[in-house]
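Residues or ranges marked as N6-acetyllysine by Swiss-Prot on the basis of experimental evidence: Lys5, Lys115, Lys156, Lys450. Per Swiss-Prot, the feature N6-(pyridoxal phosphate)lysine maps to Lys270.
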Amino acid sequence: MENFKHLPEPFRIRVIEPVKRTTRAYREEAIIKSGMNPFLLDSEDVFIDLLTDSGTGAVTQSMQAAMMRGDEAYSGSRSYYALAESVKNIFGYQYTIPTHQGRGAEQIYIPVLIKKREQEKGLDRSKMVAFSNYFFDTTQGHSQINGCTVRNVYIKEAFDTGVRYDFKGNFDLEGLERGIEEVGPNNVPYIVATITSNSAGGQPVSLANLKAMYSIAKKYDIPVVMDSARFAENAYFIKQREAEYKDWTIEQITRETYKYADMLAMSAKKDAMVPMGGLLCMKDDSFFDVYTECRTLCVVQEGFPTYGGLEGGAMERLAVGLYDGMNLDWLAYRIAQVQYLVDGLEEIGVVCQQAGGHAAFVDAGKLLPHIPADQFPAQALACELYKVAGIRAVEIGSFLLGRDPKTGKQLPCPAELLRLTIPRATYTQTHMDFIIEAFKHVKENAANIKGLTFTYEPKVLRHFTAKLKEV
């Protein structure tokens with residue numbers, strides 16, 4: 001099979017979910033009712049759902065079977081210990097707190113790390129800044145809710161869709177150190193390493209870059225949190241693109257990766273393949289005080305620390321899913337599927353970010369150059385794609401980035417991208433071909449697509465619930 005151009009999906013489909021087909025008129029009415037916001041569409045009105053890969057894919061038979069072992073004890077559940085053991089074996093982290101999903105971990109650790117920096121280093125809350133290669137939207141939101149400004153320090157190649165570069169998710173190391181010196185190290189409560197970098201197009205971060213980032217963090221005694229939603233995809237890219245690790249297993253690369261952080265926060269709904277779940281973990285005893293404080297907050301916000309908002313069966317499923325998500329054949333297929341979609345779109349003249357791990361990112365700014373950034377070209381493209389083919393995608397651009405919480409002005413966005421997110425083991429190559437054909441129709445009418453303006457704008461994470469209309 002090594003010489004075949006395309007390999008089929010490396011799994012058998014045993015259970016199916018019927019979906020309905022709708023008319024163009026029906027879809028036009030539905031998107032207007034949703035306030036031109038695909039997040040607000042009913043799922044039954046969506047033919048192909050590319051909104052997110054978070055908890056929307058299939059699970060493996062071993063994960064499903066593991067649920068039957070669930071211990072639903074309120075405290076001290078053996079299912080918790082099974083999960084904690086998986087974390088120790090895979091990441092090498094000693095302390096585990098389960099959460100209902102990634103943002104559950106964020107709402108716990110962010111205030112704890114800010115308080116710790118304030119007590120130990122005299123952090124000035126009016127001047128505090130956290131750094132990342134690129135903050136995920138909810139991490140940014142939780143930071144801002146806690147009064148912390150965020151700053152993304154990414155390499156110049158990151159958002160240039162005309163450039164191919166192996167590790168577009170990398171930190172700008174000079175920019176990171178310069179930023180730390182500028183605000184004062186004591187005013188930096190944490191650094192977040194996002195692997196892969198979702199907002200940059202699912203782009204990986206090299207191990208060499210993570211090592212160098214961690215060295216800078218240790219120089220200034222700043223804690224590093226690994227945003228780990230797509231840890232396995234990042235490890236796969238390292239194996240493929242970083243020569244030093246080409247003969248390492250995904251498991252070995254993962255273990256090495258997590259040496260270069262102090263904590264991990266994870267939405268387990270991505271690479272751990274579960275429909276619901278998250279993790280907050282600390283590496284060793286040097287962060288035991290943080291673990292203790294986070295456990296206390298977990299009780300208030302998520303649940304008792306040995307279940308954290310998850311039933312026992314869900315913890316068992318997650319304990320297995322962490323392993324299943326690292327399967328090399330599975331990762332090779334998944335990333336090849338994304339590459340196939342990107343190649344097909346570029347063949348018809350639709351410019352994309354280079355293929356990442358979980359999605360194709362269309363450069364909406366280039367497809368719709370007549371729509372200015374403050375009229376959200378990628379959001380307008382998402383609405384048109386739904387009208388044409390019933391495909392739901394998500395904007396990653398100015399609409400998502402939002403406003404400066406201090407000035408109220410729109411934050412400048414490095415690129416206006418439309419994310420076509422591929423749920424795991426859910427759609428076939430035929431679906432990819434249909435998506436490509438849909439873009440042919442969208443491209444033909446591109447000049448007539450209109451920009452958007454708000455009719456309702458929430459102050460925080462506006463892209464989830466905002467409503468808009470055509471200009």
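Using the three backbone atoms N, Cα and C, a Cβ is placed for every residue, glycine included.
Known features from Swiss-Prot, placed on the structure.
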| residue | record | DSSP (3 states) |
| --- | --- | --- |
| Lys5 | N6-acetyllysine | coil |
| Lys115 | N6-acetyllysine | helix |
| Lys156 | N6-acetyllysine | coil |
| Lys270 | N6-(pyridoxal phosphate)lysine | coil |
| Lys450 | N6-acetyllysine | coil |
Checklist outcome for this item: Expressed in Å to no decimal places, the gap between the Cα atoms of the residue listed as 'N6-(pyridoxal phosphate)lysine' and Lys450 (N6-acetyllysine) is 33
Item to check | Alpha-carbon spacing, Lys156 (N6-acetyllysine) to Lys115 (N6-acetyllysine), which is rounded to whole Å | outcome: 33
Item to check | Spatial neighbours of Lys450 (N6-acetyllysine) that are distant in sequence (at least 6 apart) but have CB under 8 A | outcome: Ile371, Ala380, Glu470, Val471
Checklist entry - For Lys270 (N6-(pyridoxal phosphate)lysine), what is the tally of other C-beta atoms lying within 10 angstroms of its C-beta? => result 28
Checklist outcome for this item: Rounded Cα distance in angstrom between Lys5 (N6-acetyllysine) and Lys115 (N6-acetyllysine) is 54
Checklist entry - Here are some modified residues: Lys5, Lys115, Lys156. Which one has the most Cβ atoms within 10 Å of its Cβ? => result Lys115
